[in-house]
Amino acid sequence: MLTHKTCQARKKMQVSFVIRDAEEKQHRNGVNALQLDANNGKLYSAGRDAIIRVWNTRTDSSEKYIQSMEHHNDWVNDIVLCCNGRNLISASCDTTVKVWNAQKGFCMSTLRTHRDYVQALAYAKDREQVASAGLDKAIFLWDVNTLTALTASNNTVTTSSLTGSKDSIYSLAMNPSGTVIVSGSTENILRIWDPRTCMRSMKLRGHTENVRCLVVSPDGNQVVSGSSDGTIKVWNLGQQRCVQTIHVHKEGVWSLLMSENFQYIISGSRDRNIIVTEMRNPSNKTLVCEEQAPVLSLGYNIDKTGVWATTWNSDIRCWKLPMYDRCTMNSSGGMDAQWTQGGTEVACIKGGAAIKECAVLNDKRYIITKDSQDQVVVYDVLRVVKKEQLGAVDYEAEVKKRNKQVYIPNWFTVDLKTGMPTIVLGQEEVDCFSAWVSIEAGLPECVDPTTEIKINYGKLLLEALLEYWTPPHSIPPNEMEPDMHGNGYFQVPKHTPVIFSEVGGRTVCRLLVRDAAGDSESTLLHETAPQWVTDVVIEKNIPKFLKIPFFLQPHPQMTKPERTKKDRLVANEFIQCRKVCEHVLEKVLNAETTPSGGNANNSLQNSQSDANSEGSQLPAEERIELWCNDVVVDPNMDLRTVRHFIWKQSTDLTFQYKTKQNFNYDGSIGDSLERVTRKY
């Protein structure tokens, strides 16, 4: 028997997974950050779809994709290349900082020091030092050489922290020599530290809204900041003041890029414009381009004649930069300066569509989505696959057409934050074990439709997601016993990412379905999987049935209206109404007992006997009619569907019954509660 590690202090957990292709070569949402390895011509992009992708910028082919780097499960907000391009550091909304082998694309280690979204990174190239900051108001300093040396056995790392921030940090910058680090936050101020001593040296006021982007000059004497207030400010740290305010954008400035000589500012804004401005003469500016969406990040191309730009959309474009020509002679013989033509799109890395809308169908197995390109798709949540590509059809009409009049409790939620459907299973507001259905309704393709087996969607799905998990120290299965791995009905795609996380909090474990058999993954699952998961996956416990109380009484049109007794029963909520008809027929009306004819003659008795014999061969639903709220109930409906669509009241469900034929009846309803509960 497996002994699962438990801890009373452990936070409540949830399990989520993503329905996606085995290889997602395109970004499926906006791109938050870029890093260029100029030596190898590789462009790294950090996506809101939780994936870092690598692109070959030296090819003219439209196929620039090299590989994906996957281990985050929420937006990747920032990335930095270090160690001459050998390693990459990433920061994410999943509250982690990850260290990657940039060449091979695998995650080397995960840092879980932050307690909230990690928004920004800063890198001091000369010192191989990285700083991270986020919404938890904390700034941590990391030695890159130490991070890249971490192993499974040597996994302890120390960090220095910079304290004093009073609000969420959205931007961070450091000069190459690591003598100055600057943070920007929703305090609307800049805070400056000396990372060598971890001492705060000053704070600078001037912005009126969140400081979204920062650049520090190589010598550490100047800082350029961009803010949601729409301004760009130049700060002199020696004078501890703002020396210039630049107004070139109509909305917030979200990205900054400086020329090597620190004379020109390239800025990207929420207003979708990318503008080049001479820092000493802000009136000398020119529009590079107008993007299709707010600009999130900017980065030079290899020869710095162009700039890569990312936006809320998933495309990544490279725009030719205009050059500032000071050698143009004017009509009076003097020299004028002017910008050469720029703004031409020289390359584009196409992105994919992000899912923007989602509807869960009443059967609680399928969802219908609509993406940013108006494509409508049907997904099978239970089997974790795309079921049908409908194209650019009427989304609402498809939802209406495919919704059946059936009620099944919610057992999962859908998160579209990454642009791909993420299904969340838990035990909080939505109980993943609440959906019991008959197997002919839930898995008609798997069994004989005449069977009366009941299945639990949540249990089957968890068993499929963790099919390959063999916990350490578990007893090997007996050779004479059947293998109990999986759910016995279906498998899910092996490439499916499965994430264990705290409810409303940090990620604890992420793995692919196929990797659960690995020793390290198995041990990690054993340490992190919540008890409600191991109960069904390892212990093979059956989730409890949910029951519905209801009243049963004769219809006013019954031949014996004096029978007005109203009895309360309890049954499993997934019981079909035909079972209630059978109960009425067998236990209330005693239809199986041949009624005596009294003083009637033999011919009449024989006639009645023949009729009763013929009628007894009919199914109960053809002999008994159930009513609810003056509506005839479909015998194929289950109790919860009747309560949801017909009864529509908070009080106990009430049925009325009457016969469809003139059957004689006699009997009582006194023992119905116990018998209905046991049989159904």
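Cβ from N, Cα, C; glycine included.
What you are looking at is a predicted structure, and each value in this text was computed from that prediction instead of being measured.
Over in Swiss-Prot, the protein carries these features:
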{"type": "REGION", "residues": "592-616", "note": "region 'Disordered'"}
{"type": "REPEAT", "residues": "26-65", "note": "repeat 'WD 1'"}
{"type": "REPEAT", "residues": "71-110", "note": "repeat 'WD 2'"}
{"type": "REPEAT", "residues": "113-152", "note": "repeat 'WD 3'"}
{"type": "REPEAT", "residues": "164-203", "note": "repeat 'WD 4'"}
{"type": "REPEAT", "residues": "206-245", "note": "repeat 'WD 5'"}
{"type": "REPEAT", "residues": "248-287", "note": "repeat 'WD 6'"}
{"type": "REPEAT", "residues": "290-329", "note": "repeat 'WD 7'"}
{"type": "REPEAT", "residues": "350-389", "note": "repeat 'WD 8'"}
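By number of Cβ pairs under 8 Å, the repeat 'WD 1' (26-65) is matched best by 71-110 from the list 71-110, 113-152, 164-203, 206-245, 350-389. Residue counts for the repeat 'WD 3' (113-152) under DSSP, helix first, then strand, then coil, are 5 helix, 18 strand, 17 coil.
Long-range Cβ contacts of the repeat 'WD 4' (164-203) within its own chain (Cβ-Cβ under 8 Å, at least 6 residues beyond either end) map to 116, 119-127, 129, 131-139, 141, 209-220, 223, 225, 227, 229, 235, 237, 240. For the repeat 'WD 7' (290-329), the residues of the chain that approach it from at least six positions outside its boundaries are 26-36, 38, 41, 43, 45, 47, 49, 55, 57-58, 251, 254-257, 260, 264, 266-274, 276, 278, 284, 335-354, 372, 419, judged by C-beta separation under 8 angstroms. For the repeat 'WD 2' (71-110), the model's average pLDDT works out to 96.
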